[in-house]
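As annotated by TrEMBL, domain 'Acetyl-coenzyme A synthetase N-terminal' applies to 51-99. Here TrEMBL flags 104-486 as domain 'AMP-dependent synthetase/ligase'. Residues or ranges marked as domain 'AMP-binding enzyme C-terminal' in TrEMBL: 547-625. The region 'Disordered' annotation in TrEMBL covers 1-21.
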Amino acid sequence: MTDKNKQSASGGENKEEGLTEVLTEETKFYYPSAAMKENATVKDWDEAIHVAESDPEAFWAEAAEDLEWAEKWKKVLDDSKKPFYKWFVGSKCNIFQNALERHQKTAVKDKIAIISEQEGGRIQKLTYSELYQEVNKFAAALKKLGITKGDRVAVYLPNIPETAITMLACAKLGAIHSVVYAGFSYLALRDRINDAGAKLLVTANASQRRGKIVNLKKTCDKAVEEDCLSIEYMIVVKNVDQETIMKEGRDLWFKNITQNEKENVETEIVDGNDPLFVLYTSGTTSKPKGVVHDHAGYMVGVNRTFKWVFDLKEDDVYWCTADPGWITGHSYIIYGPLMAGITNIMYEGVPDYPENDRIWEMIERHKITILYTAPTLVRLMMKYGDEPPKKHNLATLRLLGSVGEPINPEAWRWFYRVIGQEKCPIMDTWWQTETGMFMITPLPVAALKAGSATRPFPSIKASIVDKKGQRVPVGKGGFLAINNPWPAMLNTLWRNPERYLETYWEKIPNVYTTGDMGFVDKDGYFWIQGRADDVMNISGHRIGTAEIESALVSHEAVVEAGVIGKPHPIKGESAKGFVILKKGFEPSDELIDALKKHIRNTLGPIAIVDEVEFVDKLPKTRSGKIMRRVLKAKELGLPLGDISTLED
Ligand code: WT7
């Protein structure tokens, strides 16, 4: 870094008079270029925050004017039943109108909406008008199969255009999609289908990953074989050329039911507060939570945050390396980019296959301007060194983004220097499945600090509090809380409003509890440090320790298990299980392998446990709860903390 960046943490003028601070790298500011500032939609970050803060409802009402409505709202925010907040009450709309329909009236219709690339190299391009037609066809087909407003449709698909088509077709009909990441096991899929009561499942016969063919259809067959009575039809995309067994009467090829479809299906105009989707996410129990988002608030929140944070221009080619199976994919692969009318990349494969420069090669090939990725991927690429990116022309990049976990300053600086070539600001976006949209994030004109998500998005009030909800002083660690409602907030948990209240609103009084820890520095910048609860973040994927424990104890050899997350140089965190064996079972390396495999089979390849240790006892409270905190402190050689509740 050059010396001109070595300014004080208060932005150049040192407020602590007379002090010549020796600043650590992390307190340095990184300033946007003059060109970035000149062309930005929002030119003054402080002012944008100030204006929105003075009247958040006016701010969001103005943001809503960017979109089309069948009928406008009567009230921007209804808090009479809080914390069941309602945004844009009385409105009639459909996110599909904004994602595709309205573009058909403008020049956007001839633009490329999606460039999809398969690991094997196949590239497909769909314009906005082609995508619109495909969605119409699939919506008509779904309608003929009996799907109507309010029905749930489960989706188990890789990152391919049909995923976008399916989600949008559901939205168009007013049906509720429940996308399950296609790395989950059949059991995890079955639980989610059952909880949502899905009538129909959309999948692909197979997917390509690291040169291997993953048979998704087989997983779906196993999931619905028994105990999954709600599923009437399974629709299968032929994504890979290979033989597929179809069950008569239940299974239908995607192509067969869409290709000759001519019916023109009307878009279902829904109440703005009607659900758009359910998306399951891990919590502190073994049962995942079905996070519910509606049409109106979600579309306004996602649209405004996407356009401002990535400062979108008409000719942007944008690549988010997440999967549609996560919220990042819902908000910022499918809905955000389509509403914005830009060109979007969907890549089905891994970023370092067949060579470790695949990701950089793709940026050059498609002339990508915005890359939105995760710290775990940045660290993996960093491990491969500077050579792979240097082989490629990355000059088209103008903006970078990070999401999923805290980005460590070292990875941030590498990303900034080697990939962004010191001209691309990095938008470190903090948010959650539940928030639906970016919450703590810079705008491109912000002064950045390596490793900080900076400040809340305009209108959002966030704070670091103690258990009682009192703000803690600057620099002190505490719980990250959100103090006011925002439009894309979750409406509730699927068929479980009690758990919604208990999880997010009753743990700490008067605020939305995020479950994260962090602190605020003297410039008001937030530093997120990770989860406060028993949820791990492995490679940016959220997974509950309780889920892995329950998978472990379902193995015949296991009596009891405690699982913790440990720091990991690439994945951020890795899981370790402590296991008490049943009588008659002996510790062995084979058993360790068998347990790891069992977890993988139960939860899917995303739930990888790196280490298993056999123990005689687990630290417990007197009420019998495993104290994972104690396990973790012991494992990491840290002080044990308060162990007064420890039974033994
Ligand atoms: C959790 C939410 C939101 C999309 C991906 C994950 C962690 C997310 C950041 C960030 C630090 C982050 C938090 C959060 N997280 N983004 N920029 N800096 N931590 O969605 O599965 O709902 O997980 O991911 O711990 O609570 P999710």
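Cβ coordinates come from backbone N, Cα and C, glycine included.
According to DSSP, the domain 'Acetyl-coenzyme A synthetase N-terminal' (51-99) comprises 18 helix, 11 strand, 20 coil. Look at the domain 'AMP-binding enzyme C-terminal' (547-625): DSSP puts its residues at 22 helix, 29 strand, 28 coil. When pLDDT is averaged over the domain 'AMP-binding enzyme C-terminal' (547-625), the result is 91.
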